[in-house]
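Undergrad: Relevant sequence annotations retrieved from TrEMBL are reproduced here:
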type	residues	note
TRANSMEM	100-119	transmembrane segment
TRANSMEM	131-154	transmembrane segment
TRANSMEM	166-186	transmembrane segment
TRANSMEM	285-305	transmembrane segment
TRANSMEM	317-337	transmembrane segment
TRANSMEM	343-361	transmembrane segment
């Protein structure tokens, strides 16, 4: 093979074959190298992206240069995709770390509030607050699990999820506070309402045990089917718009349907959540503040849940046990058998801790 030059970085470098000590030439998908004494840049040529070393004759040199440019362009595209993916991963990790810090801040704030409440109102009130807060926080996590499934089911782009999440969290606040006001007024007038609330909690506990945790298909979900039946929806997203004009007809986008499903789910979770905290305390101030602190930081908590929900497979059964316990506690209270707040707090915290530990242990195995 009478070689006349080496094409390196689009530059044709002539040389004499007598100066070549070794030459390794492999197909384009493999690495190759050359050693060349007079030219220092060729003393050791290593091609990390697996370019071929293109050696050309004086005849047809332009064809080799064109081929090299084509391979360079292809490799640059691949590098660009890798860099883009790496940048997105870096931003995701940054957002995740920021979310962890925000959630930790709100948890520490809730703990500080509970300690301050204990100094001002006594140990019993502090115990009621912490029991209510832990219970409501665990139910909020379960609510966010459903948010993740809803987003995945409707294939909501990540860039639009924050807007929907804002509506979902705002709805959770409104529905919970509404049920708190209604619930307190009702319980104070009708003590037998406790039995109805206990029945709701026991049914919710059974439902969590009966439903498969890994079933992410919402096609048969009652809320989803109801919304799809009454809301005409397009088959595509139109940016972050909730409504779009299709052939002169205004229709909802899948984003609006997603918001509707999440808001109705908020109502269902509020029906579970508020009776649960009433099973721990009847103090309106503690019911309100424990719910408020549980809701604060939900947006940041969502990002953590979205990335780690597959690692907490035993958390949902733990929540089911807690709801069943609170339901039984409310029945016993109605019958005159009082379970102390300290015992309730210990049981709730222990169940949730066991669920998290078992989940992490099974993941490590």
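Glycine is no exception: its Cβ is also placed from the backbone N, Cα and C atoms.
What you see is a predicted model, and the numbers here were worked out from it, not measured in a lab.
Each of these features: where is it, how hidden is it, and who are its neighbours?
TA: Counting same-chain residues at least six beyond the ends of the transmembrane segment (131-154), those with a Cβ under 8 angstroms from any Cβ of the stretch are 110, 114, 161, 164-165, 168, 172, 208, 216-219, 224, 254, 257-258, 261-262, 265-266, 269, 272-273, 276-277, 280-281, 286-287, 290-291, 293-295, 298, 301-302, 305-306, 309, 315-316, 318-319, 322, 326, 341, 344-345, 348-349, 352.
Beyond its flanks by at least six residues, the transmembrane segment (166-186) meets 140, 143, 147, 193, 197, 259, 262-263, 266-267, 269-271, 273-275, 278, 282, 284, 287-288, 291, 295, 298-299 of its own chain at Cβ-Cβ distances under 8 Å.
Remote same-chain residues near the transmembrane segment (285-305) are listed as 95-96, 98-100, 102-103, 105-107, 109-110, 113, 125, 128-129, 132-133, 135-137, 139-141, 144-145, 147-148, 162, 165-166, 169, 172-173, 176-177, 180, 184, 273-274, 277-278 (criterion: CB distance under 8 Å, separation of at least six residues from the stretch ends).
Proximity of distant same-chain residues to the transmembrane segment (317-337), defined by a Cβ-Cβ separation under 8 Å and at least 6 residues beyond the stretch ends, is recorded for 135, 138-139, 141-142, 191-192, 194-195, 197-202, 204-206, 208-209, 213, 272, 275-276, 278-280, 344, 347-348, 351-352, 354-356.
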